[in-house]
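Novice: OK, TrEMBL features for this one:
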- 49-464: domain 'Amino acid transporter transmembrane' (DOMAIN)
- 69-93: transmembrane segment (TRANSMEM)
- 133-153: transmembrane segment (TRANSMEM)
- 174-194: transmembrane segment (TRANSMEM)
- 200-221: transmembrane segment (TRANSMEM)
- 290-311: transmembrane segment (TRANSMEM)
- 337-362: transmembrane segment (TRANSMEM)
- 383-403: transmembrane segment (TRANSMEM)
- 409-428: transmembrane segment (TRANSMEM)
- 440-466: transmembrane segment (TRANSMEM)
Amino acid sequence: MGETVVPIDDDSIQELPTSIKDTPVARQAVPGLDLRELESWLPLTESRNGTTFSATFHLLCSGIGFQALLLPAAFLSLGWAWGIICLSIAYTWQLYTTWLLVNLHEPVPGTRCSRFVRLSIIAFGPKLGKLLAIFPVMYLSGGSCVMLIITGGNSMKQFFNIICEEGTMCRSKSLSGTHWFLIFTCIALIIGQLPNLNSIARVSLTGAITSIGYITTIWALSISKGRANGVSYSLPEAEKTGMNGFSNILNAIGIIMLAFRGHNLILEIQGTLSSDSQHSSGKSMWRSVMVSYLIIPMCLFPLAIAGFWAYGNKIPASGVGILTAFSEFRIQDTSKFVIGLIYVWLTVSCITSYQIYAMPAFDNLEFVYARSRKNRCPGWVRVGLRLFFGGLTFFIAVAFPFLGSLAPLIGGMAAVPLTFAYPCFMWISIRKPRSNGATWILNLVLGCFAILLSILLIVAAIWNLAYNGLNANFFRP
């Protein structure tokens, strides 16, 4: 592959492959095909007419998810003080790496990196860049969609059980978990026929509203209803010492770190914004980040603190966490309408999040077609590719309904490095700050510490699986 020397800033230059012209994941230039034309065919970059508002909607929809429902459970191992400290550090850390990604979106004037893997290739080279980024991006796209099917399908089932009381005719006709997964997937795929990332802005707005709605309702009602009976704020002594205690602390840190999500979509969202020499996309994107990341902690911090205060050790560290405890302890003094509304909001949030997390996969599938045919995907091919992806995620959700139990393990391998480590190393590689300077040291320390945490989280997850076992209920959702 040929290379060219392209200036990065006034003080340094960086050798970059000529294939960095914002092409999709693991892609080489297509002979005989203009790259700008290729980009105009693909879902992530088909439309660059996004606004600060649409980017904010996407950030909120992708940044607030059901993973936040587990945050109160993390406080059980960490305690009040360390729980709040770790949550604050994780929030500040991921906000900083977001800033890095926003400013690396255009590493060279006139060149935009609208896909995470492309930026990884620029920073680390074609081989290492693909090796480091492809699995995390694939997991955070396809794997997130699978988890959304599992969570959304189970939420639909819970809503049905709430409105149909035990002994009624409708309860006798209750559907199986597979049927609920299928209903969820069908709804998601119908909405998923919208052509590109910019076109789902209103869908993301709906997701942002419902996510804020169910999280705010849970923590507000938890405070107003008071603490549940028999609540304890500490683990049993046997769970505090030895390897069990160490593993529980690391798993709690993992829950906090995995609650902050969406970094695999930062560059893609910024790619929907227009950019020129006068008005860089970075300014508009950073305004969207500031607005969305002001709202996100207003949801997550009260949920974690109020949820732990209300339910303490009653919150399971899996599934939908505090929502399970809320439904169990508040079913008698909370109207079915309110509890049902929470599950409806959670379901809608999962359906809308499916759209934005599936978009990179849609983009990759359409690239394969466009590269081979040197033409835009016809409508019927686009529909077929998206149905294929939806069918694949549905099959995995049905085959591995226990995938949530493996989330700490896979998240430690994929989400933690991508969110907390890679952006720091990318900044050093591309921007080339002065060696041993403050910026260089800061990014090197943060990146290395994130990799160390990732390794420790993987070890803790493996220990937890070995100690507690895994309920591998294949094909029995």
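Note that Cβ sites are derived from N, Cα and C of the backbone, with glycine treated the same way.
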Novice: With pairs restricted to those 6 or more apart in sequence, evaluate whether the transmembrane segment (409-428) and the transmembrane segment (337-362) have 3+ C-beta pairs under 8 Å.
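Specialist: No, the transmembrane segment (409-428) and the transmembrane segment (337-362) are not in contact.
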Novice: Would the transmembrane segment (337-362) count as touching the transmembrane segment (200-221), if touching means at least three Cβ pairs under 8 Å and pairs must be 6 or more apart in sequence?
Specialist: yes
Novice: Within the same chain, where does the transmembrane segment (290-311) have neighbours whose Cβ lies under 8 angstroms from its own Cβ atoms, ignoring anything closer than 6 residues to its ends? I mean 6 or more beyond.
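Specialist: Distal contacts: 52, 56, 59-60, 63-64, 68-69, 71-72, 74-76, 80, 83-84, 87, 91, 95, 98, 211-212, 215-216, 218-220, 222-223, 225-228, 231, 233, 259, 321-322, 325-326, 329.
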Novice: What parts of the chain pack near the transmembrane segment (383-403), using Cβ distances under 8 Å and only residues at least 6 beyond its ends?
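Specialist: Distant Cβ neighbours of the transmembrane segment (383-403) are 142-143, 145-147, 149-150, 153, 177-178, 181-182, 185, 188-189, 192-193, 358, 361-362, 365-366, 369, 377, 470-477.
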